[in-house]
Amino acid sequence: MELLSSSPAQLLRPNLSSRALLPPRTSIASSHPPPPRFLVMNSQSQHRPSISCASPPPGDNGFPAITTASPIESARIGEVKRETKETNVSVKINLDGHGVSDSSTGIPFLDHMLDQLASHGLFDVHVRATGDTHIDDHHTNEDVALAIGTALLKALGERKGINRFGDFTAPLDEALIHVSLDLSGRPYLGYNLEIPTQRVGTYDTQLVEHFFQSLVNTSGMTLHIRQLAGKNSHHIIEATFKAFARALRQATESDPRRGGTIPSSKGVLSRS
C-alpha cells in the first residue's frame with residue numbers, strides 16, 4: 001500500500017474546491033438592531049413581579065423621609081383634675097408610655113397597686129391626691145379611681161384602630177386571677193374576689209371592689225374580674241391589678257388590620 005505524503009503547508013492550505021461548492025452568502029439589510037444575548041423579563045411578568053428599590057424622597061434634613069402608617073394617633077394622653085370638699089386629685093396617663101409610675105395618694109398600698117398598673121400596662125401614670133384620710137381611705141380611693149377612669153376616657157378618644165378587647169390571667173404564687181374587659185362605652189363590673197382578711201396593712205380590702213366600680217363608671221368599660229385561686233389577701237389583690245393592667249394594655253394597643261377604623265359594627269364606641 002502506497003502512503004501519501006504531504007508537507008505542512010499543504011495540510012494548512014484551504015480546500016478551494018470544497019469551498020466552491022458552498023452557495024454564496026446573502027446579506028440582508030435590516031433597520032432593527034441585533035437581538036440581545038440575554039432574555040430580559042418583562043417587569044409585568046406574572047412569574048417574576050418587579051420590585052422597586054427606589055429611595056423615598058428626601059426630607060427637610062437631606063436624608064430620605066421616613067413615613068410610618070399607624071392606625072392610632074400619637075400622644076394618647078388623658079389628664080384630669082378633680083377637686084371636692086373631701087379630696088383634691090390630679091391624674092395624667094399616657095397610654096403609649098414606658099411604664100413610668102409616679103403616684104402619691106396618701107394610701108401606701110394603693111400607690112403600690114398603681115405601680116402595677118403602670119409597670120404591667122406600660123402606661124405612664126402620674127397621680128397626686130390629698131384627702132380626708134384622717135377619717136378613712138374611702139373618699140380618696142374612690143376619687144382617684146374616678147379620675148383614672150376619666151383620664152382613660154380622654155386618652156382613648158374615638159378609640160380608632162384599637163383592639164378594644166383585653167383578656168389576661170395573672171398568677172402570683174398561689175393566687176390566680178382572670179380579667180376580661182371591653183372598651184365598649186357601657187360601664188359594667190363583674191367581680192367575685194374572695195379576699196380572706198379585712199385589711200392589708202392599713203388598706204381596707206373592701207375598697208378594691210369600690211376602686212374598680214368607680215373606674216368602670218367613668219371610663220365606660222365592661223370589666224369582669226374572677227378569682228380562680230388564692231389564699232393570701234395581698235397576692236389576690238396584686239394579681240388582680242397586674243391582670244387588669246395587662247388586659248387594658250391589650251385592649252388599648254393597635255390592631256394593624258383594622259386600619260384606623262373604630263372597632264364596632266355600629267361605627268362608634270360612645271360613653272353615652
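Cβ from N, Cα, C; glycine included.
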Of His112, His120, His210, which does Swiss-Prot put in the Mn(2+) 2 site with His138, Glu142, His235?
-> His210
Going along the chain, which residues six or more apart from His112 (Mn(2+) 1 binding site) have their CB under 8 A from its CB?
-> Glu238
Spatial separation of His139 (Mn(2+) 1 binding site) from His210 (Mn(2+) 2 binding site) - C-alpha basis, Å = 10
